[in-house]
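Data first, discussion second: the structure below is written as structure tokens.
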Amino acid sequence: GCIPYGKTCEFWSGPWCCAGKCKLNVWSMTLSCTRNF
């Protein structure tokens, strides 16, 4: 499967985001899937 928006993710190992990219959330300091591509 894929990781939905807002959920935590990793750059280097899947599964990857359903949409958007895996980016650092500056507020929570965790990697999460973004809404956009």
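First residue shown is number 1, and so on along the chain.
Even glycines carry a Cβ here, placed using N, Cα and C.
Some features that Swiss-Prot has for this protein:
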DISULFID  CYS2-CYS18  disulfide bond
DISULFID  CYS9-CYS22  disulfide bond
DISULFID  CYS17-CYS33  disulfide bond
MOD_RES   PHE37  phenylalanine amide
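What Swiss-Prot annotates, mapped onto the structure for a quick look.
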| residue | record | DSSP class |
| --- | --- | --- |
| CYS2 | disulfide bond | coil |
| CYS9 | disulfide bond | coil |
| CYS17 | disulfide bond | strand |
| CYS22 | disulfide bond | strand |
| CYS33 | disulfide bond | strand |
CYS18 (disulfide bond) versus CYS9 (disulfide bond) - Cα distance in angstrom = 11
Please list residues from the chain of CYS33 (disulfide bond) whose Cβ is under 8 angstroms from its Cβ, counting only those at least six apart in sequence.
-> ILE3, PRO4, TYR5, GLY6, LYS7, CYS9, CYS17, CYS18, ALA19, GLY20, LYS21, CYS22, LYS23
Under 8 Å by Cβ from CYS2 (disulfide bond), counting only residues of that chain that are 6 or more apart = PRO15, TRP16, CYS17, CYS18
